């Protein structure tokens, strides 16, 4: 990006992406850590446990920040977690955020 004063230049728009993380990701505070990391990055969306042992949710925010959280979900996670893989789907450009904050859903 060049410093031409355009706050939302091409490539710095906002995106929405769904995710699902597989591995040992339940009962290891994965949702709490995901929420903390998302808030640190200034992202909104949600995270929840599924009935089949994965964690899923949605991330929305500036593209570069969303990429950072995707990397975190793929490689880091919570300290006790063991991530086997993270899948991302339904990525789309958005004009405005559809969530107020990053929530943990039951």
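Each Cβ is built from the backbone N, Cα and C atoms, and glycine gets one as well.
Note that TrEMBL annotation is computational and uncurated.
What TrEMBL says about this one:
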- 31: active site (ACT_SITE)
- 49: active site (ACT_SITE)
- 16-106: domain 'Acylphosphatase-like' (DOMAIN)
Inter-residue Cα distance where the pair is residue 31 (active site) and residue 49 (active site), in Å:
8
Arithmetic mean of per-residue pLDDT over the domain 'Acylphosphatase-like' (16-106):
97
Which of these active-site residues has the least crowded Cβ, counting other Cβ atoms within 10 Å: 31, 49?
49
Quick check on the domain 'Acylphosphatase-like' (16-106): DSSP residue counts for helix, strand, coil, in that order please.
25 helix, 39 strand, 27 coil
